[in-house]
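What Swiss-Prot says about this one:
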type	residues	note
REGION	54-72	region 'Interaction with host APOBEC3F and APOBEC3G'
REGION	75-114	region 'RNA-binding'
MOD_RES	THR96	phosphothreonine
BINDING	HIS108, CYS114, CYS133, HIS139	Zn(2+) binding site
MOD_RES	SER144	phosphoserine
REGION	164-192	region 'Disordered'
MOD_RES	SER165	phosphoserine
COMPBIAS	176-186	compositional bias 'Basic residues'
MOD_RES	THR188	phosphothreonine
Amino acid sequence: MENRWQVMIVWQVDRMRIRTWNSLVKHHMYISGKAKGWIYKHHYESTNPRVSSEVQIPLGDARLVITTYWGLHTGERDWHLGQGVSMEWRTRRYSTQVDPDLADQLIHLYYFDCFSESAIRNAILGHIVSPRCEYQAGHSKVGSLQYLALTALIKPKKIKPPLPSVKKLTEDRWNKPQKTKGHRGSHTMNGH
């Protein structure tokens, strides 16, 4: 029988970012209580020897699974140390990979207090609303003018330690798109 390969998108991540992510997740699961219901699995609880940790985040009937890996093939540079992370959205019989922005948005739909756009209408109607958003990483677009005005009045409160953001976990120098040099900076185009 031949080998069957499964291709996954794995974001290359610095080892220290993975340690920080795991620490933040465990802090908010066990100490602050903001990540209630999240499941943290250690490397020894996985059958895959490449998995270093797994965080399962319940999202209604589905769940978001953030898996960190070690011992992967290194990248082009010396600092690509073979560490990585993948994000997967799973429901009963279906799963798909998601990017860090979408992962943060999915987390924010179910967790952490937020001052959302619907709060503007509620504030106008005289209802009590949450004054700030705890999880800024869950917002990817610029809000309406009213939303921006209200957020300018009420500064976001810094939470120590910060809430775990998947986007922040994958944010690194080798995951950013490469900037190409202009005509002046390219040696091959100048003939030098």
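Glycine too: its Cβ is placed from the backbone N, Cα and C atoms.
Cβ crowding, taken as the number of other Cβ atoms within 10 Å, peaks at SER165 among the modified residues THR96, SER165. Counting only the Cα atoms, the space from SER165 (phosphoserine) to HIS108 (Zn(2+) binding site) is about 10 angstrom. According to its DSSP assignment, THR96 (phosphothreonine) is in a strand. When the Cα atoms are compared, THR96 (phosphothreonine) and HIS108 (Zn(2+) binding site) turn out to be 19 Å apart. Summarising the environment of HIS108 (Zn(2+) binding site), the number of other Cβ atoms within 10 Å of its Cβ, over all protein chains shown, is 21.
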